[in-house]
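To start, the structure under review is shown below, and the notes come after it.
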Amino acid sequence: MNSFRFTKMHGLGNSYIYVNQFEEQLPEEKLSEIAIQVSSVYTGIGSDGMILICPSDQAPVKMRIFNNDGSEGKNCGNGLRCVAKYAYEHKLVEETSFLIETLSGLVKAEVQVENGKVNVVTVDMGEPRLTKSELPMLDGGEEHTINETMAFGEVELTGTAVSMGNPHIVFPIADIEQAPLTTLGPVIEKDPRFPEGINVEFVETVNEQELHFRVWERGSGITQACGTGACAAAVASVLNGVSKRNQDITVHLAGGDLVINWKDNGHVMMTGPAETVCEGVYFL
C-alpha cells in the first residue's frame, strides 16, 4: 500500500485523521507508525492523532484511536461524535441512533440531521468508573479518589479521579488562564501512581451549570478539547457537591462548548458538534 484516502475532522478543534477501514484496510503492524506520520504538522497532515472507522461484529462500526505519539487509546469523546457523523453521512448506518464499538465497550450515538448533514451528536458515554482499581491507580482497591490532596514534586494539588473508559484526574483552579498545563501536565501524566498514564484536567467553576476547562491529554499533550475529559470534569463537579445529577452542565473548552449531563440512571450524556475539514489522499 503506497497511499490511502483520509478525512480530517474535528470536534471543537480536537482534530484527527479518519480512515475508513471498510475500504482502506491499513496494515496492523504499521498503524502506530502511520499515526505518528500523519499527525505531524511539518511532514504530515497535522492532527492530534488518527482514528480508524472499522467493521465490527458487535455494532455497525468500531472506532480505534491512535494518539500522535503512536500509542493506542481506549476512548475519545470528540472522536466518537466525528465517527458518528462520518458513519451516517457515508451511509455506513441508516438510523440516526446506533451503537459504536470502542476498546472500552459499546456506546450509543444519536445524530441530529439537517439537509442530510450531521452537525450535532449526542453520545451516551456510559457510567463513570470511580474506584482506584478501575482507573487504574497503583494502589488499586475499591476506594474512590475524591477531593484528595496529592504531591507532585514540590507542588500539592487536590484532585478527583474519574474513568470514562480512559483515566482522568481533575483539579479545581481559581483562574483557568493560570492552569499549569505545560509544566505539570507531562509530570502528572507519567506519575507512577497512574501505571497506564492519565489525562490531566484543570477546571474553573463559574456556577453549578458552567465550567471552564483545559486539558493535557495522555499521549497527545495540550489539545483544544477532550470529550471524555469534559465528562470527567462534570462528574467530578457533582462528586464534590458543586453540580447536580440530571442537569445540563456547559463545559467551556479552548475549542468551544460541550453540554454534559450525568443522568440519574448513572449514564453520562455528551452533546456537541462534529465537523469535516477536508478529504484527500495520503502518500506513504
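Cβ atoms here come from the backbone N, Cα and C positions, even for glycine.
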Original post:
Per Swiss-Prot, which one of N14, N20 shares the substrate site with N67, G77, N78, N166, N199, E217, R218, G227, T228?
Top reply: N14
Original post:
Near C226 (active site, proton acceptor), meaning Cα within 10 Å, which of N14, C76, G77, N166, E217 (recorded positions)?
Top reply: N14, C76, G77, E217
Original post:
Can you tell which of the active-site residues (C76, C226) has the fewest other C-beta atoms within 10 angstroms of its C-beta?
Top reply: C76
**OP:** Fill in the CA-CA distance, N166 (substrate binding site) to C76 (active site, proton donor), as an integer in Å.
**Re:** 8
Original post:
Is E217 (substrate binding site) helix, strand or coil when read with DSSP?
Top reply: strand
**OP:** Give me the non-local Cβ neighbours of N14 (substrate binding site): same chain, 6+ apart in sequence, Cβ-Cβ under 8 Å, ordered along the sequence.
**Re:** D48, C76, N78, G79, T223, Q224, A225, C226, G227, G255
Original post:
Around G227 (substrate binding site), how many other C-beta atoms are within 10 angstroms of its C-beta?
Top reply: 27
